[in-house]
Amino acid sequence: MNLAISIALLLTVLQVSRGQKVTSLTACLVDQSLRLDCRHENTTSSPIQYEFSLTRETKKHVLFGTVGVPEHTYRSRTNFTSKYNMKVLYLSAFTXKDEGTYTCXLHHSGHSPPISSQNVTVLRDKLVKCEGISLLAQNTSWLXLLLLSLSLLQATDFMSL
């Protein structure tokens, strides 16, 4: 009986590990706020446990999540939204003091080691504005529709001068 329980538990852990995966982590600037987009897969029925953190000078600072306890200095500066396969964290009043390696990690439950994570190194002078990223990454269907519409208008000779 113990062998059957062990095998069932192992299969459950493997299924959750395979079904929950961070696919990308991007950073950009919205006004004076840092925006982190953590895209992930979730093909299991298990709830996603997650954590956003910043590593600066080898020290990890938890910003937001369901796993670690966010540090007091970041609590009032963070704003979080979640969609089906994306978690978005905003860090307001972003300055050069907030530069470092940001991590989005998925966990099984509690304080277990992450099953999947992605890092992005953020330097204030190297950050791009979010508008360009969101147009290409999130609104690809509108861009394709625009290109198809222009081709259709050109084919019907609507745009000829």
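Cβ atoms are placed via backbone N, Cα and C, with glycine included.
The disulfide bond feature in Swiss-Prot is assigned to C28-C130 (among others); the stated evidence is sequence analysis. For the recorded site, C28 (disulfide bond), the DSSP three-state label reads strand.
Its own atom aside, the Cβ of C38 (disulfide bond) has 26 Cβ atoms within 10 angstroms in the protein chains shown. For C38-C104 (among others), the entry in Swiss-Prot reads disulfide bond, with the evidence type sequence analysis.
Taken from Swiss-Prot, the feature domain 'Ig-like V-type' covers 20-126.
Annotation comment: Swiss-Prot describes N42 (among others) as N-linked glycosylation site, evidence class sequence analysis.
Contacts of N79 (N-linked glycosylation site) defined by a Cβ separation under 8 A and a same-chain sequence distance of 6+ are given as S33, L89, Y90, S92, in order along the sequence. A strand conformation is recorded for N79 (N-linked glycosylation site) in the three-state DSSP classification. Under the heading N-linked glycosylation site, Swiss-Prot lists N79 (among others), citing sequence analysis as support.
In the three-state DSSP classification, N119 (N-linked glycosylation site) falls within a strand. For N119 (among others), the entry in Swiss-Prot reads N-linked glycosylation site.
Residues or ranges marked as N-linked glycosylation site by Swiss-Prot on the basis of sequence analysis: N139 (among others).
Positions annotated as GPI-anchor amidated cysteine by Swiss-Prot, on the basis of similarity to another entry: C130. DSSP assigns C130 (disulfide bond) to a helix. Take the CB of C130 (disulfide bond) and look out to 10 A: across all protein chains shown you find 20 other CB atoms.
If you look up Swiss-Prot, you'll see Q20 marked as pyrrolidone carboxylic acid, on the strength of similarity to another entry. In sequence order, H40, E41, N42, T43, T44, S46, I48, L106, I115, S116 are the residues near Q20 (pyrrolidone carboxylic acid), counting only same-chain partners six or more apart with C-beta under 8 A.
Swiss-Prot lists 1-19 with the feature signal peptide.
The DSSP secondary structure for C38 (disulfide bond) is strand.
Note: the CA-CA distance between C38 (disulfide bond) and N119 (N-linked glycosylation site) rounds to 10 Å. Here the disulfide-bonded residues are C28, C104, and the one whose Cβ sees the fewest other Cβ atoms within 10 Å is C28. Secondary structure at C104 (disulfide bond), taken from DSSP and collapsed to helix, strand or coil, is strand. Within 10 Å of C104 (disulfide bond), counting CA to CA, the recorded positions C28, N119, C130 contribute N119.
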